[in-house]
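Report on the following structure.
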Amino acid sequence: MEDEPGSENEGDTIVASPLAKWRIEFSRSFQNYLDRSAPNIVRRWLVTLVAAVIYIYRVYSVYGYFVISYGLATYILNLLIGFLSPKVDPELEALDPDSLPVDDSDEYKPFVRRLPEFKFWYAATKAFVVAFVMTFFSFLDVPVFWPILLCYWLVLYSLTMKRLIVHMFKYRYFPFDVRKPVKLLKFLVHSVLTFLRLKRDGGGNDRPSSSNSSQGNEKQD
């Protein structure tokens with residue numbers, strides 16, 4: 001009896017289907033977790049902070065993998081530049097009115113980042129995890145004089161931040177929305193002042209009433 005054509009391929013499909021199914025389910029679960037964690041900005045960055053502390057402790061304990069640390073720091077700096085830079089660079093093309101908030105305009109235009117906050121967080125967290133895993137491979141521990149790498153990275157950071165700050169002042173934009181915190185601060189100050197004024201007025205009204213009642217008691221005596 002001859003084998004029907006395609007029976008071997010069907011068998012391969014059946015063998016590979018559990019792995020493919022697991023990958024699909026894992027991808028959906030992971031994407032669902034990312035979607036649910038998107039509003040929790042503080043919690044997400046706390047996870048990144050924990051990952052960074054674990055990586056720093058790992059490098060400190062083994063006293064090595066400085067080249068990996070330099071690459072990680074440079075990659076984080078590159079992400080930070082994208083996070084603080086506008087989506088449309090006014091030096092390369094015409095200024096997009098929807099990309100930069102200009103103070104002279106009557107209508108406030110929000111700052112549109114080149115790298116959104118969520119992507120910045122995800123890439124930074126993944127970078128710390130990958131770098132931590134790389135510290136378990138001894139052939140990646142290249143001997144190097146780490147103060148030279150540190151000085152070079154600090155110089156690179158200073159020059160990059162200087163250029164970015166000059167760019168902000170030149171094109172009059174700020175990568176953070178300070179209006180909401182200012183409004184919240186004004187609301188809190190107004191609430192505290194109102195509470196103190198009401199407390200003072202209430203205390204002033206209570207004192208005459210108490211004095212009048214004491215005078216009335218003396219007259220009755």
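Positions of Cβ are set from backbone N, Cα and C atoms, glycine also.
Not measured: the values here are computed from a predicted model.
Taken from TrEMBL, the feature transmembrane segment applies to 41-57 (among others).
Residues annotated as transmembrane segment in TrEMBL: 63-84 (among others).
The list of residues near the transmembrane segment (120-139) in space but at least 6 beyond its ends in sequence, with Cβ under 8 angstroms from a Cβ of it, reads 34, 44-45, 47-48, 51-52, 54-55, 58-59, 62, 64-65, 68-69, 71-72, 75-76, 79-80, 82-83. The annotation transmembrane segment is assigned in TrEMBL to 120-139 (among others).
The transmembrane segment annotation in TrEMBL covers 145-165 (among others). Taking Cβ pairs closer than 8 Å, the transmembrane segment (145-165) reaches residues 66-67, 69-70, 73-74, 77, 81, 84-85 in its own chain, all 6 or more past its ends.
Positions annotated as region 'Disordered' by TrEMBL: 202-221.
Taken from TrEMBL, the feature compositional bias 'Polar residues' covers 207-221.
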